[in-house]
């Protein structure tokens, strides 16, 4: 429990370098140390910001943000803020990309644990690695954005 008997939540997540620019983790993705993420909560009705906190990832690409209090009437999400390096620093911004990881910060939804796991978020590498077409073939995917496939 947090201050004043409120619920205290621990939002945990991971940041990776999307080395194939496909917006999910593959065997050639790397976890990012020193990446900054922000947890932002907004009231569903008023649209006003009710909570904001930043965290920096550790050497395994993991972060934890403590949130004191219930945010049942809010929409809360983790967004990428800053990459530790230029080589992998692009934030995905096309319509289909997952720019934010939504988290529920209330105990009124049947979730008993105080730990909330956010989906992993990835910065895009400037250009896909040369082995990406091979990696995608293993996954039965053949279209690597920005790469030239050879016949």
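Glycine is treated like the rest: Cβ placed from N, Cα and C.
The feature disulfide bond is assigned by Swiss-Prot to 17-88 (among others), with similarity to another entry given as support. For the recorded site, residue 88 (disulfide bond), the DSSP three-state label reads strand. Sequence-distant neighbours of residue 88 (disulfide bond): residues of the same chain at least 6 apart with a C-beta under 8 Å from its C-beta are 17, 18, 19, 30, 32, 123, 124, 125, 126.
The disulfide bond feature in Swiss-Prot is assigned to 20-132 (among others); the stated evidence is similarity to another entry. Counting every protein chain shown, the Cβ of residue 132 (disulfide bond) has 22 other Cβ atoms within 10 Å.
Among the features that Swiss-Prot reports, disulfide bond is placed at 41-76 (among others). Its own atom aside, the Cβ of residue 41 (disulfide bond) has 21 Cβ atoms within 10 angstroms in the protein chains shown.
Taken from Swiss-Prot, the feature N-linked glycosylation site applies to 43. In the three-state DSSP reading, residue 43 (N-linked glycosylation site) counts as strand. Long-range C-beta contacts of residue 43 (N-linked glycosylation site), restricted to its own chain and to partners at least six residues apart, with a cutoff below 8 Å, comprise 50, 73, 74.
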For the C-alpha pair, I'd like the distance in angstrom between residue 20 (disulfide bond) and residue 41 (disulfide bond), rounded off. 31
For residue 76 (disulfide bond), what is the secondary structure state per DSSP, taken as helix, strand or coil? strand
Return the residue, from the listed disulfide-bonded residues 17, 20, 76, with the maximum count of other C-beta atoms within 10 angstroms of its C-beta. 20
